[in-house]
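Participant: My structure is below; once you've seen it, I'll send some questions.
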Amino acid sequence: MNEEEASLFDMLWLLLASVIFVPIFQKIPGGSPVLGYLAAGILIGPYGLSIIRHVHGTKAIAEFGVVFLLFNIGLELSVERLSSMKKYVFGLGTAQVLVTAVVVGLVTHFISGQPGPAAIVIGNGLALSSTAVVLQVLQERGESTSRHGRATFSVLLFQDLAVVVLLILIPLISPNSSKGGIGFQAIAEALGLAAVKALVAIAAIIAGGRLLLRPIYKQIAENQNAEIFSANTLLVILGTSLLTARAGLSMALGAFLAGLLLAETEFSLQVESDIAPYRGLLLGLFFMTVGMSIDPKLLISNFPVIMGTLGLLIGGKALLVALVGKLFGISIISAIRVGLLLAPGGEFAFVAFGEAVNQGIMSPQLSSLLFLVVGISMALTPWLAAGGQLIASRFEQHDVRSLLPVESETDDLQDHIIICGFGRVGQIIAQLLSERLIPFVALDVRSDRVAMGRALDLPVYFGDAGSREVLHKVGAERACAAAITLDTPGANYRTVWALSKYFPNVKTFVRAHDVDHGLNLEKAGATAVVPETLEPSLQLAAAVLAQAKLPTSEIAATINEFRSRHLSELTELCEASGSSLGYGFSRIASKSKPQPPDSSDENQITEGTLAV
């Protein structure tokens with residue numbers, strides 16, 4: 001069999017194993033596709049059936065799965081939303097890495113008897129977690145926008161920066177280095193040079209992206225060539241990844257920056273759709289290569305040592321991260337969940353320990369044991385996440401005091417949405433926002449609704465949405481909009497009035513029970529008022545017309561005609577009385593007319609159109 005055929009057979013086996021194992025593990029309680037990929041990798045890898053022998057080449061391709069994952073995360077964020085997380089990225093992230101590295105390093109040196117350089121590498125390597133596995137698990141569980149999900153992502157983002165320092169440090173503390181050990185001046189010079197290169201690369205990506213991305217994509221979109229559009233997206237991802245790699249940073253960080261910049265353009269949704277197939281396949285391949293590094297025979301022969309090390313890693317690291325998280329204002333339950341998610345090792349440990357072996361810092365036997373511990377810990381991540389949810393449901397108190405909003409739990413939010421009322425309508429809005437990773441908080445005065453939202457890991461709090469103090473605690477001064485869906489007209493009116501008076505920066509979108517209610521809400525300062533009976537009535541009418549055997553096209557025409565006529569009547573009402581009852585479009589548009597044609601005017605009209 002020649003090399004081309006061997007590569008083709010490797011690919012077929014990889015696809016076959018994923019098709020078989022992933023559905024099986026998805027059906028296991030608490031299972032995850034990640035576990036299926038890991039199991040498939042163990043079976044067909046060099047330590048299993050040895051079907052895949054060229055693991056190194058497979059790993060080189062699989063690393064792009066992490067690159068595409070981080071690019072996708074960047075697309076779903078924005079520069080503004082990322083800046084609001086700086087407290088956790090640089091505060092909590094720095095504290096987690098330093099505290100964990102120091103504690104693990106000291107234990108390795110004084111208890112395990114490893115020399116200083118090896119203890120430094122092991123401490124820093126095990127302080128890192130798996131960006132790919134943890135983010136995938138958070139997305140699968142729908143917890144990316146939860147309190148612990150945001151904190152976890154922030155720490156992972158800092159770890160991607162910290163790994164650069166570790167990789168620079170390893171050659172400098174090697175006994176084979178020209179300094180013969182730790183040279184502090186050499187370390188300072190190397191880190192300073194690396195910081196300059198990193199800043200230049202990041203600045204180049206941000207400046208070039210903001211200047212070039214939008215016009216380039218606009219030109220390609222005008223040509224209406226889908227293939228070239230996709231090719232340009234791949235060029236952006238791989239180009240920024242290469243630039244950061246050449247600067248000594250991780251490729252994934254470059255892709256993340258590219259995603260952040262593209263998130264500010266109108267092409268982000270199409271780009272996300274284009275990369276979805278690449279991301280899914282390559283990420284699955286990455287998880288399979290992690291499985292290939294797990295040696296079951298080595299596990300059996302060193303079972304007590306490996307299980308003891310694994311228990312110390314997960315238990316100790318979870319405890320340290322939880323304590324650090326509590327110091328940064330995270331509730332004890334959320335801090336424990338962050339600790340459990342970050343407790344396993346990460347893919348960068350493989351790189352760091354492999355480089356340490358090459359530099360003579362640690363023995364190949366020790367690195368093999370650590371590879372196995374890290375690989376098994378990564379495989380446990382989905383179950384650790386499930387365990388965190390179980391702890392939250394069992395030990396989180398569900399009395400009213402524990403459901404009240406706490407300012408320290410919302411101080412990282414910026415440009416978020418406030419959902420006032422977590423009934424059926426509020427829950428639908430929350431689901432839609434969660435799917436798009438748009439930050440929000442919800443308020444309700446029924447503790448059963450709040451407890452139900454908390455059980456789903458949603459940021460739902462007990463409180464009166466018409467209270468200035470409650471609105472302040474959920475960050476209303478930093479919010480961009482509020483969706484008001486309370487049960488009674490009086491509660492809706494009070495909430496609109498409070499937001500308009502105390503937090504005029506928040507645009508209020510509220511449902512009206514009837515015309516008089518809608519007029520009162522507009523007088524109170526509502527940005528847009530939506531009649532709650534119109535669309536349900538039209539949907540019900542469409543169902544009745546379908547039962548009456550009318551053609552689908554005629555039903556659609558009838559419904560659209562009625563809707564258009566209704567909205568035109570509302571427009572006439574607006575012109576006659578100044579009211580905009582009915583989606584707020586006319587009022588927003590009319591308010592924008594006296595203003596000069598700048599970007600803020602365009603935003604106002606767009607908001608009105610979206611309200612329709």
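Using the three backbone atoms N, Cα and C, a Cβ is placed for every residue, glycine included.
In case it's useful when we look at the structure, here is the feature table from TrEMBL:
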- 602-612: compositional bias 'Polar residues' (COMPBIAS)
- 414-531: domain 'RCK N-terminal' (DOMAIN)
- 587-612: region 'Disordered' (REGION)
- 6-25: transmembrane segment (TRANSMEM)
- 34-54: transmembrane segment (TRANSMEM)
- 89-112: transmembrane segment (TRANSMEM)
- 118-138: transmembrane segment (TRANSMEM)
- 150-173: transmembrane segment (TRANSMEM)
- 193-213: transmembrane segment (TRANSMEM)
- 234-263: transmembrane segment (TRANSMEM)
- 275-294: transmembrane segment (TRANSMEM)
- 306-324: transmembrane segment (TRANSMEM)
- 330-354: transmembrane segment (TRANSMEM)
- 366-385: transmembrane segment (TRANSMEM)
Participant: Near the transmembrane segment (150-173), which residues from the same chain, at least 6 beyond its ends, have a CB less than 8 A from one of its CBs?
Facilitator: 70, 73, 85, 88-90, 92-94, 96-97, 116-117, 120-121, 124-125, 127-129, 131, 134-135, 138, 144, 179, 181-183, 186-187, 190-191, 194, 198, 248-250, 252-253, 256, 321, 325, 328, 330, 334, 338, 341-342, 346, 348, 351-352, 355-356, 359, 361, 412, 439
Participant: Quick one: find which recorded stretch in 6-25, 89-112, 118-138, 306-324, 366-385 has the most Cβ pairs under 8 Å with the transmembrane segment (34-54).
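Facilitator: Ranked by Cβ pairs under 8 Å, first place goes to 6-25.
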Participant: Look at every Cβ pair spanning the transmembrane segment (366-385) and the transmembrane segment (275-294), keep those 6 or more apart in sequence, and say whether at least 3 of them are under 8 Å.
Facilitator: yes
Participant: When you look at the transmembrane segment (6-25) alongside the transmembrane segment (306-324), do they share 3+ Cβ pairs under 8 Å, ignoring any pair fewer than 6 residues apart in sequence?
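Facilitator: They are not in contact.
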Participant: On the DSSP side of things, how many residues of the domain 'RCK N-terminal' (414-531) fall into helix, strand and coil, could you say?
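Facilitator: Computed counts for the domain 'RCK N-terminal' (414-531) are 54 helix, 26 strand, 38 coil.
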Participant: What average pLDDT is reported by the model for the domain 'RCK N-terminal' (414-531)?
Facilitator: 86
Participant: Look over the recorded stretches 89-112, 234-263, 275-294 and say which has the most C-beta pairs under 8 A to the transmembrane segment (6-25).
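Facilitator: Stretch with the highest Cβ contact count: 275-294.
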